[in-house]
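Working notes, structure below.
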Amino acid sequence: MRDLVSLALRPLTQPGGLARFWRGLGAVTMLIVASANPVLAQAPVQKRVLGELCAKGVSNQVKGITNLLASVDAGQVDPSWGVEIFQALGDRALICGGDTPLIVSEDTVRLATTLEPTKRSPEKKQGAFVNLRLRSQLDMGVAILRLLSEPGGPTSAADLEQLRKRAEIAPVALIERAVAMPGNEAVAEGLRDILAVAALEDPDPAQRISAIKRLAEAPSARNLTLLLNLRDGLSDAEDGAIKGELSSGINKIRFWLEVGEVSATIYSGLSYASILFMAALGLAVIFGLMGVINLAQGELIMIGAYVTFLVQEALKVVAPGLLEYYLLLAIPFAFVVTAGVGVTMEVTVIRHLYRRPLMTLLATWAISLFLINATRVVFGTQNLEFVVPGFLSGGVHLFADFIVTWNRLFAICFALVVLGGALFVLRYTKLGMFIRAVTENRDMAGCVGVSVRRVDMVAFGIGSGLAGLAGLALSPIYTVNPGMGASFIVDAFMIVVLGGVGSLIGTAAAALGIGMINVIIEPLYGAVAAKVIVLLMIIVFIQFRPEGLIAIKGRR
Amino acid sequence: MTDALLFNQGRKVPGRRITDLLSIVLAVVGLSVLISGLTGTGPSSYFLNLIGQIATFGMLAIALDLIWGYAGILSLGHGLFFAVGGYVIAMHMVKVSYIATGTPPDFMLFMGWDALPSYYRGLEYSGYAIILGVVLAAILAFVIGFTAFRSRVVGVYFAILTQAFVYVAMLLMFRNDTGFGGNNGMTGFTELFGLPLAERKSVALLSAVSILTVALVLAVLARLVTSRFGQLLIAIRDDEARLRFLGHETLWIKLAVWGLSAVIAAVAGMLYVPQVGIINPRVLAPDLSLEIAVWVAIGGRGSLSGAFFGAVLISAFKFVLTAVVPDLWPFILSGLVLLVVVLLPNGLTDLPAAMAARLKGRGR
Amino acid sequence: MSEALLIDNLSVTFGSFKAINELSLYIDYGTVRAVIGPNGAGKTTLLDAVTGKSPATKGRIILDGRTELTELKEPEIVLAGVGRKFQKPSIFEALTLEQNLALALRSASRSSIAEMFHRPGSEELARIQTVLETIGMAGWGDRSAGILSHGQKQWLEIGMLLMQEPRVLLLDEPVAGMSDEETDRTAELIMALRTPERAIVVIEHDMGFVERIADRVTVLHEGQLLVEGQMEAVKVNPRVVEVYLGR
């Protein structure tokens with residue numbers, strides 16, 4: 001034993017031996033301490049990464065994020081750990097300083113390296129401030145790591161969107177991994193698109209070409225910008241194949257974007273035309289029948305909108321569960337109430353002005369004045385608030401930035417139903433036959449026994465009811481107040497003048513034409529110019545065809 | 001056409017007597033106003049201004065009655081010509097003011113303009129301004145009339161077309177960058193023909209001129225409508241096809257009377273704006289143009305004096321009632337229109353005849 | 001005697017409906033031609049085509065051997081010498097008889113503007129009185145036309161046409177709605193209007209009246225010429241009977 005100790009102590013007696021002894025003792029001590037503290041022994045990567053994330057300067061922090069992701073790729077670090085760290089950093093819950101970073105939440109304090117609870121107390125209350133650049137990096141990081149740690153999880157769609165937004169900084173390798181992971185099928189396609197964006201910068205020309213091709217397949221304004229930027233950034237020495245692919249890709253996207261724009265314009269025009277059509281239809285029927293221009297038509301539209309409002313308010317009180325469907329439930333009410341108003345007008349006033357169209361013009365104007373002011377007195381002059389039902393908001397994205405919105409679709413479908421219904425009534429019902437007869441030859445119809453006065457009354461009611469429906473259809477889209485009728489009446493008149501008297505198809509065609517022209521011209525020259533141009537076109541048109549688009553030939 | 005059948009029922013062409021009487025009465029009133037202004041005695045400046053304005057409305061109604069009551073052409077856009085006259089005279093006053101003070105009016109300063117646009121050139125001359133107003137109104141009338149009448153746009157269609165025209169003009173005038181004041185219009189006029197507008201003498205003078213002009217117009221038109229020209233107008237109103245088949249090209253006759261009506265309306269506008277002190281696109285509102293037709297319908301279509309009475313009556317009512325019961329006025333107006341239109345097809349001039357018929361009926 | 005009116009292969013089509021189908025006929029000066037036929041035969045449409053109220057789709061209409069009417073506007077056709085009386089009496093009820101006749105004094109030599117202010121000269125005033133006599137209403141000149149009876153309105157309208165001294169006079173159902181007495185007087189009036197410089201075309205349904213006044217009779221059916229000739233022959237023509245009485 002004495003020999004062993006002397007053997008051990010021998011180095012110490014030699015020159016420098018004492019220093020060597022203390023070094024050895026230190027190493028042994030460290031080993032003992034290290035083995036007692038497992039964290040320090042097992043988390044060198046995490047520590048290093050956390051060190052960078054806690055460093056001063058955003059660039060260092062960004063480097064830390066990149067390194068963390070790289071280490072995930074290398075398998076050194078679990079992606080779920082990365083998610084926690086990123087989220088904590090983003091929430092300012094990662095407290096640096098002290099001997100080891102801590103994550104602080106409401107009730108617990110955890111060690112950042114292992115995520116295990118600890119009794120230590122943090123030095124500061126809040127972590128470092130997160131600026132915008134850091135924020136986007138963090139969001140991106142969380143998104144990709146979540147896709148890796150929870151493939152097919154509830155947040156995948158949102159994560160995909162985040163990655164899309166940050167496609168330029170997304171880590172390609174990790175995305176490829178996420179694509180390959182089973183469970184991520186739903187987002188795989190979207191991820192491949194993102195890879196394509198990244199691949200635009202790939203040194204391998206083949207990759208770039210396939211990336212360009214891929215982007216060209218999904219036309220959107222954003223992809224166009226990406227390709228254009230790429231083209232601007234190309235030097236002359238670049239591969240001709242890439243340039244060619246870029247050109248054709250850009251052209252393709254441009255083409256589809258234009259198609260999308262044209263479609264959007266047509267769609268918008270269709271919906272405006274639908275509303276104009278419904279507003280003008282009642283006017284056309286009444287004018288064709290009795291030669292009466294009903295200047296109160298705009299107010300009938302207004303009444304329809306107000307009735308819809310009342311139904312909405314009633315539902316709020318009586319059956320809140322049905323509130324979503326107030327538009328549909330209001331249909332019969334809007335029709336019946338406005339039809340009633342119309343019939344009252346006909347019986348009390350219009351009937352006595354038989355064959356005096358100019359006087360009926362003045363009389364209907366007086367009625368419109370009355371209706372506007374009566375509504376003002378009862379409801380006040382403010383705009384009405386309408387609830388937008390769930391099934392009418394939003395839309396479906398068809399292609400190239402063209403979205404089919406539901407509220408416009410509702411207006412179009414409604415108008416088509418009304419058109420179909422009107423055509424049906426006119427062609428296949430007895431009432432329709434009487435209406436057509438009286439329109440074509442009033443006196444003769446009376447002579448063969450058609451009760452002309454009754455047909456007048458019923459048709460006036462129907463024409464007014466149609467105006468009420470127009471009011472219902474446009475209440476979710478346009479402002480509603482007592483004076484709203486005036487803005488539709490001029491257009492409705494123009495449609496009647498243009499469309500010819502007594503023809504349903506003529507009215508529809510004229511509404512379509514005027515609606516389209518308005519929508520096309522307005523973004524170019526403004527609303528006033530649109531009205532002026534429409535008026536001028538109608539005047540020119542009438543020069544060549546005074547009877548309108550389609551005139552019913554009949555003996556006057 | 002069938003409007004005419006009900007309208008006529010064996011009545012002869014309305015005689016000149018009442019209209020001539022009215023001319024004389026108005027001439028007397030006009031002269032009194034003039035004297036009142038020159039001597040400084042008599043009613044207040046406010047009252048004189050008011051009757052001067054109402055006189056211009058009367059003139060506007062007469063202009064409409066000329067084409068509607070006599071030629072059967074209903075225009076629901078006569079505010080357009082009224083506005084042409086009004087805006088031109090306003091531009092004249094603005095120009096005069098600019099020359100006197102060296103600064104453009106407020107509405108131009110707001111836009112950052114430091115001088116008047118080129119189309120204001122020459123407008124400091126009142127003669128030029130008046131002629132320009134008349135000529136512009138005539139040209140506008142010709143363009144609208146030619147395109148419409150040539151395509152045989154008549155009746156209700158034509159009425160709607162005129163509404164559309166005045167509506168579009170209103171929209172155009174609402175623009176703030178045209179140099180016509182935009183939606184605030186032009187105001188702040190200080191003088192006309194060298195007369196400070198604020199002084200009672202000038203107010204009386206303007207008022208007198210308005211009233212005397214109406215008297216003159218009435219006298220001239222009364223002769224016109226009983227002349228052959230007037231018979232041609234009545235023929236067009238009652239049966240235009242028949243007149244064409246007698247060899248008359250009715251297009252020119254219609255254009256002539258339409259142009260004359262437009263010019264009279266423009267002159268009315270020129271007399272109105274200095275008296276009311278402001279012009280803005282509200283004057284081009286389709287509703288106001290329709291109200292002119294209401295004046296004529298209520299007062300009596302086809303007798304110039306009736307149209308004048310209608311305008312005076314409704315304007316006076318409106319003025320009094322909107323001060324006393326402003327919310328009630330639209331209801332009163334609509335009720336009045338409905339009543340007259342349904343019961344008295346030819347307006348209030350029918351009233352004596354209708355009542356006489358009623359009394360006769362009771363006597364049996 | 002030359003042709004006052006030549007209608008050559010005339011077609012008038014409304015949309016897809018052939019109102020007149022390749023019709024040819026001519027009318028001599030100094031004669032009265034009756035145009036008859038069932039309803040819808042195209043009689044009024046024929047007058048519409050001649051006066052320019054309806055455009056001719058095909059064919060020619062030649063007045064006095066030299067004027068092509070299909071190229072002219074309605075007032076121009078009138079001034080060329082064609083007068084037309086409408087089915088419904090079309091006069092100006094708000095004006096007096098004299099004023100009505102004065103309005104018919106439109107002369108081709110005056111411009112439209114001059115016409116607007118033209119006052120009838122003494123010669124024209126004399127003509128007005130002559131016409132008033134011809135139509136049997138002398139002395140009624142200053143009465144309002146609105147008070148005339150139905151028959152009198154028809155005569156006034158004919159009188160207005162006479163003011164123009166037309167070469168071709170087209171009368172569309174002149175005795176519709178008239179009493180027997182008025183019908184007689186109208187027949188006399190028309191006979192008195194026959195001059196060697198004038199051709200008269202009358203559309204009518206009253207066969208007795210037609211027999212009295214017509215030199216020749218043209219029967220139209222479905223826009224085409226069916227039969228033409230003297231009234232006695234036309235009356236018994238089996239095809240005419242068939243068409244009138246229905247198949």
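Heads up, the Cβ atoms here are built off N, Cα and C, so glycines get one too.
Nobody curates TrEMBL annotations by hand; they come from automatic prediction.
According to TrEMBL, the feature transmembrane segment maps to B:21-40, B:46-68, B:80-100, B:125-149, B:156-174, B:203-225, B:251-272, B:292-316, B:328-348.
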Whether the transmembrane segment (B:251-272) meets the transmembrane segment (B:203-225): three or more C-beta pairs under 8 angstroms: yes
Remote residues contacting the transmembrane segment (B:46-68) - C-beta distance under 8 A, at least 6 residues beyond either end: 26, 29, 33, 36-37, 74-75, 78, 81-82, 200, 203-204, 206-208, 210-211, 213-214, 217-218, 221, 225, 257-258, 260-262, 264-265, 267-269, 271-272, 275-276, 292-293, 295-296, 299, 301-304, 306-308, 310-312, 315-316, 319
Closest-packing stretch to the transmembrane segment (B:203-225), where packing means Cβ pairs under 8 Å, from B:21-40, B:80-100, B:125-149, B:156-174, B:328-348: B:21-40
Paired segments the transmembrane segment (B:156-174) and the transmembrane segment (B:21-40) in contact, 3+ CB pairs under 8 A: no
Residues from the same chain, set at least six apart from the ends of the transmembrane segment (B:125-149), whose C-beta lies under 8 A from its own: 80-81, 84-85, 88-89, 91-92, 158, 161-162, 165, 192-193, 251, 254-255, 258-259, 261-263, 265-267, 269-270
Spatial neighbours of the transmembrane segment (B:328-348) far in sequence, C-beta under 8 Å, 6+ residues away: 6-7, 294, 296-302, 306, 309-310, 313-314, 317-318, 321-322, 354
